[in-house]
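One structure is given below, encoded as structure tokens.
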Amino acid sequence: MKAFFALPIFGVTLTLMAYFLSGKLKEKFDFVIFNRVLVSAILIIAVLFIFNIDFETYNNGAKYISFFLGPSVVALGVFLYEKLEEVKRDLKIFLISVFVGGIVGIISVVLFLVLLNAPEIISRSLAAKSVTTPIAIEITKITEGIPEITAGIVIITGILGNAFGPVVLHKLGVKNKKAVGTALGTGAHGIGTARAFEISASAGTYSGLAMCFNGIITALLAPYILAWLLSFTQ
Amino acid sequence: MLKSLIYIFCFLFLGELIHYFLAIPIAGNIIGMLLIFLALFFKIIKLEDVKPASDFLVKYLVVFFIPYGVGLMVYANIIAAYWIPVSVAVILSTLLSIYVTGAIYQKLDKK
């Protein structure tokens, strides 16, 4: 039976079916917690547990799906080019905000982890926690963390930002819609962007662009910021 | 569709090539993303040549990282052992980053 589950078609079909079902569930219950990646992953893990299949066996097929992460990151460059036109007027303040907010995100997560005595491997896995999952996974490979931990925490970060970001911003007096959009994309990537689109179309566009820019900024700087912060712990 | 997919793959290939030979700490696909952006910006390639495949890939982006989400099950014990520092760091850092970004934007936008 194990040889059967090791066939690539098993992992591929299971992943696509879980994603399809997560969409049906999302239609019925429109809560943040019914995030499609989260629901899909839980469904798949449940199937693997029931049939006593290990991750490696599942990944024989699933790796053909995750292969497409690479090309889809390249596709984000096309998305970035298309949408850039829409923020042209505010480009300077947009870039400054995303740059500072992105760096604050990297430094603060590593600093808190170091202060709370979490092992170095966790800091290496979470430095890129605010950026979109495909980019975060690649950054973690460079910083020598564990990409699977990154993927899980990035999704949780997105859900947090989606659920609480707008409330916190409102309470602290940030009411400008473009500012809210930019903030959600910078701190909570695509899942935050989904919430920004609920606020307004322009907030959503700013959020999507902020997600791309923070992805680039974090990819360029996170390895160096991480090395610098970790050098104090040795 | 096929032509645009070939374009995307070529840029990814180029990015991986640069990453491999220059040994810089930036992933090949991120280099590919920057290159395709620059190529569009400087009108070296046309948007309609790459748009079909790129729209498809962006639309189904989340499907492609589901296997990594599943892979978390292998490392669940590490997260469970350090759930307090991880939760504190992730919650505070996420809200801090969101607030700082929004506050700076709002402040600069007023001028």
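For all residues, glycine too, the Cβ spot is worked out from N, Cα and C.
Note that TrEMBL annotation is computational and uncurated.
For A:6-21, A:33-52, A:64-81, A:93-116, A:149-169, A:209-230, the entry in TrEMBL reads transmembrane segment.
Tallying C-beta pairs under 8 angstroms between the transmembrane segment (A:6-21) and each of A:33-52, A:64-81, A:93-116, A:149-169, A:209-230 places A:33-52 first. The listed stretches are A:64-81, A:93-116, A:149-169; of these, A:149-169 has the most Cβ pairs under 8 Å to the transmembrane segment (A:33-52).
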